[in-house]
Amino acid sequence: FVVTPEMSEFLQKLKTRVRVGVVGGSDLSKIQEQLGSDVIQKVDYVFAENGLVAYKDGTLLSVQSIQAHMGEELLQNFINFCLNYMSRIKLPRKRGTFIEFRNGMLNVSPIGRSCTLEERKEFYELDQKEKIREKFVSVLKEEFKGKGLSFSIGGQISFDVFPDGWDKRYCLGIVEKDDYSTIHFFGDKTKPGGNDYEIYSDPRTIGHEVSSPEETLQLCRQLFFS
């Protein structure tokens, strides 16, 4: 999903009315793929990996690390358990990069992140029927109970694992320091278990559920330009 010229132009207009931030579970390079390589210059805040890597006004603000927080032993036990579990799942296709190690989270993908767009769609359809990711997450929750880990199923092929509280709400702690009277959040995965749920339902935000960039644009027009 790559940003359209119309949306890009609208974001620039929106910036003249309000401060604009982007928060995503992915690392900066994936956010740049979607929103353009100059995204950190185009908006006021970019929160990659839920805000564990934060940019403000075009410069790096702060970085957190999952290995420092979790410790090597728990981290390795977790990675080994996942690899072992995935080795026993039979899928129509498997590719590469089953666990992606990011600053603030692990991203686990049963099919492997290097799958093609077609293979991604095929897995997503199968996952909706067979709940592959959902079952995997419930096994992990049981196995690593009490270890301070949270899980979030987002996108089509993977789920994120991160320390409790390191979901998208993490970025609110950074934004709060700048004393805004109101924080609006727009997201699509706002149901419990979705990676927008916590920030969407947080009392510090006014949450808006949207299903497409077009709907987001319309809503922003109504809210900030009428």
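Glycine is treated like the rest: Cβ placed from N, Cα and C.
Curation does not apply to TrEMBL; its annotations are automatic.
TrEMBL lists Arg102, Arg113, Ser158, Asp160 as alpha-D-mannose 1-phosphate-binding residues, and of the candidates Arg93, Arg120 the one it assigns to that same site is Arg120. Cβ-based neighbour count (10 Å, all protein chains) for Ser158 (alpha-D-mannose 1-phosphate binding site) stands at 24.
In three-state terms derived from DSSP, Asp160 (alpha-D-mannose 1-phosphate binding site) belongs to an extended strand segment. Contacts of Arg120 (alpha-D-mannose 1-phosphate binding site) defined by a Cβ separation under 8 A and a same-chain sequence distance of 6+ are given as Ile111, Gln156, Ile157, in order along the sequence. Between the C-alpha atoms of Arg113 (alpha-D-mannose 1-phosphate binding site) and Asp188 (Mg(2+) binding site), the distance comes to 21 Å.
Annotation note: Thr205 (Mg(2+) binding site) sits in a coil segment as assigned by DSSP.
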